[in-house]
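What TrEMBL records for this protein:
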- 1-63: domain 'Ammonium transporter AmtB-like' (DOMAIN)
- 108-269: domain 'Ammonium transporter AmtB-like' (DOMAIN)
- 28-49: transmembrane segment (TRANSMEM)
- 139-159: transmembrane segment (TRANSMEM)
- 217-240: transmembrane segment (TRANSMEM)
Amino acid sequence: MVGGIAGFWGALIEGPRLGRFDHNGRPVALRGHSATLVVLGSFMLWFGWYGFNPGSFVSIAKSYGPIGSPDSWAMVRRRPSRRHHYPRRIHGCPHHSVRQAPSNSFFLDVGHWNVVDVCNGLLGGFAAITAGCAVVEPWAAVLCGFVAAWVLIGFNLMAARFRFDDPLEAAQLHGGCGAWGVLFTALFAKDEFVNEAYPGRPGRPHGLLMGGGWRLLAAHVVQILVIAGWVSVTMGPLFYGLHKFGLLRISPEEEMAGLDVTRHGGSAYVYHDEDSPSGDGKKNNVGREMLTIRGTDA
């Protein structure tokens, strides 16, 4: 959530990229760079999360039950690793199958799914299950990922509606799905797993829907508000100050040309005017749209 809320303030203060919205305020799909690299990066994150989440217990080997009993030892952690896997795998399915219909009808227009949205769905699952991977059942983890997909879809629709442009979807994904994960834990944390993960203090509160009452949910709501408030107070002024000193964003000329050209001595991608993802160069030529908007601003 910290990164998501910080990203929200950074994107809000700087405003949308040139050409992200047309003259009527409708979102324009900017061309991506490399879907192959997006997928590769997603798999690297997927693999790394197995160390990130179970490794949060600061323990490589963990004992369960009497020494010598079946399954009495597990490397890193037995249950969190298994439960942690489900929501990410399931999350990508509803996200890529339903997100495009309400937003831009990509599937209906083109006839195939968007692999980048599938990867964003997986990342949303990472964020959502992080809070509760050690204390929920596998079936609950599946539910966590499914709901997180709709949370991400909803926040992305809201972002487009209010002309909010976060190129990485950090606010929607890490902030929105992360907050859902905190609430989800307060609803589905199982008493047995809570005591197993945090031994020594029996009677800890657990999930509301698992018979644990309202204490954990109330605490997690407060936690969300505190995180949002603390990050807003610290990062909001920082981004605003960088914005005022002109240190947060490159010049419009550099943004139009691209940093590959202005900072790295060459163009990494070659686009032609006739190129178009849907075959309609006039409708989808982002470069022409950006030049038009830039000329109007001038």
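Including glycine, each Cβ sits where the backbone N, Cα and C put it.
Helix, strand and coil counts under DSSP for the domain 'Ammonium transporter AmtB-like' (1-63) come to 35 helix, 5 strand, 23 coil. Confidence annotation: the domain 'Ammonium transporter AmtB-like' (1-63) carries a mean pLDDT of 83 in the model.
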